[in-house]
Each structure stands twice: as structure tokens, then as C-alpha cells.
């Protein structure tokens, strides 16, 4: 009988649920009592761990056969108790007795997770962004403004000149503030120089505003009217945004042509910028040739990142164009609404003048005044729709075209490398034929050509790796700037919408007593 009451050997049996629960309760009670009996012990965590290890490794069968879940539960409780250090006192002091609640140990773990996720990552990300901006040279103390458009000359020889004002504390410039006069062709010439230097090596060069033959012809030969003034203002704002994006680029800012454009009082006349000149026609032919080459050259893309980004920019280009068309339609509808509101205000005023009833006549006159104010609000909102939102979309449609152009130059670089490899293979085949034909005079020439093309292959590989590395960096910088620009513009645009609606409410609330006063 005594042998039957002996515990089974280690691992040969399992305790009953009642025995397991009872031992588990004793185990946890011992832990709590240990904490309460020695609150001022120098190392409560180690003391508790020793207590638990003694109980769990003893000869008791129930403690040996504890399941994994219960051991993990106690381990978490032990881990939480070990956090009771001087650094964690403010967190644990807010709760009355966190260690006395063994049934819900997750309540002890949750504050620790929340405190980490709420404070550390935010501070780390912000400081990391600041460090990256400083390291990449994205923060520059330079302000660019384009103002004072002025018509110079008469007839078809006339052109618009703009004042470019620069304020900076950078040591590369001779003065802290200076301004120069530039015509539109000077901006196009600057972009052409920068693109020829940096586009083929992987740098994203912000595109200059496009020429408008119709708009500029109206400015040259026509009288000053609202359409001409609007065209000049659009171009001025576009030129200002172009320069601001250009000087934000750390590499382009160091370029001597850009510094000359900003500082020099006189610039050599920019040539080959006319749309209908020989150079303009040549550019159109080159674009057509590039389009054909793009269709014929198929690069076996081995980098998934480039393949993904190309698809991403294709989709963004399509969606931006759709949104831009929608915003332009919205601007047209707002202008139409403004015109109809003005017509309504005029009709209401005329009806009020012909009305014999005094109160009704006064109310109609007040209604006409309110509608005139609302007409002005619609004009201002259409202005905000265009200059805040539509122009941003238009800029980024051209910027994404520049990004896609950089990807095309990478394909050209790969094609050049591939052609060099094919030529090298042919040269080696020629050498083998010469050796078989036993022509020693031509063998040496073939070897020299092989060495030459081996160097070209190595150079092509280096160029391809370098442009790929540069594009990765440039795309990261571009996407960061894109998010910043869209965030800033969307906030300003929403603020303008809210302000417009609030002003509308004020106008109608002020008119409501007049309408109620009609008797």
C-alpha cells in the first residue's frame, strides 16, 4: 500500500488537474510572499528566480510535469518583477499592486510595450530624418524668388524679363543678397546645361516650364488684358518653383552654371531654345528616335527594385494625369459658377430696384450684395484650385517624366555595356581564327584590340553600377520631397476650402435677419 502511494518515476506519469492547480497556487503564493516579506532586498529578481527554480526542479511530481504554458506564464511574471528597478519605479508606482495579480500577467506587459511604441520610435525617426537631411545636403540656407515680370521691346521681338532675387548665407556666393534680370530663354538654357551634365549619370534634373507659343504671341502683339496677365503670372510662378527645386538639389547647387545664372549681371544669349528653330526640330527627332529605341531595346532586368519602381512611376504618371484633368475641369466649373453667380446678383439687384414693397426690395438688394461677395469667393477658390493644386500636379507630371528619363539613360548605359561585351567576344573569335590561320602579324593587332575592349567592358560595368547607385539615391530623395510637397499643398488647399466655407456661412447668417424681416 505504501508503494502504491509513492509518486511515479520522472516522466512516466502526469499529475491530476487538481494536483497541478494546487501546486501552481502554492508556487505563485510563495513568489508573492517572498516579495512581500523582503521588499527592501537588494536583488528581488534573482531571489525570486532562485525560489522558482528550487520549486520547479524539486522532487515533487506535479512541479516536474508542469506544462509549457504555465512555465511561460510564470516566466513572464518573473520577468515583470525583474523590471522593478530604480529606472522603472515611475511606471510601477502608478499601480497599486501589479505583482499581486497573477491571473492577468498581460496587464503588466502592456504598459511596457505602449511606452516603447509611443516614445522611442518617434524620437528616433525624427532625429534620423534630421541627420539624413544634413548628411544628404537637403537643408540649405537659400531663398529664391522670381518677381516683377516686365515686357522688353515691341512686336514679335518683345520678350518678358523677370527679376530673380536670391537670399543666402552660403559661402559659395559672393553676397548674401543679390538680384538679376533674366528672360525665359535663360531659364531654358540653364536647364539644358544642367541636363547635359547630370541626366546621363543618373541625377534627376528638375524640368523647366514648357514654352507656349500661343500664350507668348498674345503677350507680344496683343494688348494687356486679363488672359495675358494670367499667362504671365502662371509663367512667373512656374519659373520660381523651377528654381526652388533646382537649388534644393545638393549636386546641382554646386554647379558653376547655376551660380552664374543667379549671380552674373550679364549672361551670354541662350541659343537653341526656340521651339521652331533647327535645334528644336533636332530635339524632336531625337525624342522620336529615343522612343523607337525604347521599344526595340529590351533589357533583362535583374534588379527587382528597378522593375518595381518603373511600374510604380508608370502608374503614378497615369493617375496624376487623370487627377490633373479633373482639377482643371473643377477650375473651369468654379469660374463658370462665379460667372453665373455674378449674373444672378445683377438680376436680383434689378428686381429689387423694381420692387414696390420696401422690405422685399431691401432684402433683394441685400441678396444681390451677398451674391456679389460669393462671386468673389468663387473666383478666389478657383484661383486656389489652380495655383495650389493644379500646378503641383502639372509640375509632378513633368518631374516623373524626368525620373523616367533617368531610367531610360540607365537602359542606354546597360546597352552600351552589352554592346562592348559582344564586340569583345567577336574580337576574341577573330584572334582565334588568326591563330588557326597562323598569321602572327595580325594576332598582335587582335590582342591589342582585345585589351582595348576589355577595358571598355570593365568601364561599362562600372558606369552601369554607378548610375544604378545614383538612381537609387535620387529616387529616395525624390519620393521624400514629393511627400513633403503634397502634404504642404494639401494642407494649404484644405485650409483655403475651410476658409471659403466659413466666409459663406458668415455671409448667409448676416443676410438671414433681412429675409426674416420681410413682412
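Any Cβ shown, glycine's included, is placed from N, Cα and C.
Note that the structure is a prediction, hence the values are computed from the model and not measured.
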Looking at 242-259, 278-295, which one does Swiss-Prot call region 'Membrane-binding amphipathic helix'?
-> 278-295
List the helix, strand and coil residue totals of the domain 'PX' (140-269) as derived from DSSP.
-> 65 helix, 28 strand, 37 coil
Neighbour count (Cβ, 10 Å) for residue 469 (N6-acetyllysine) = 11
Confidence summary for the domain 'PX' (140-269), mean pLDDT rounded = 88
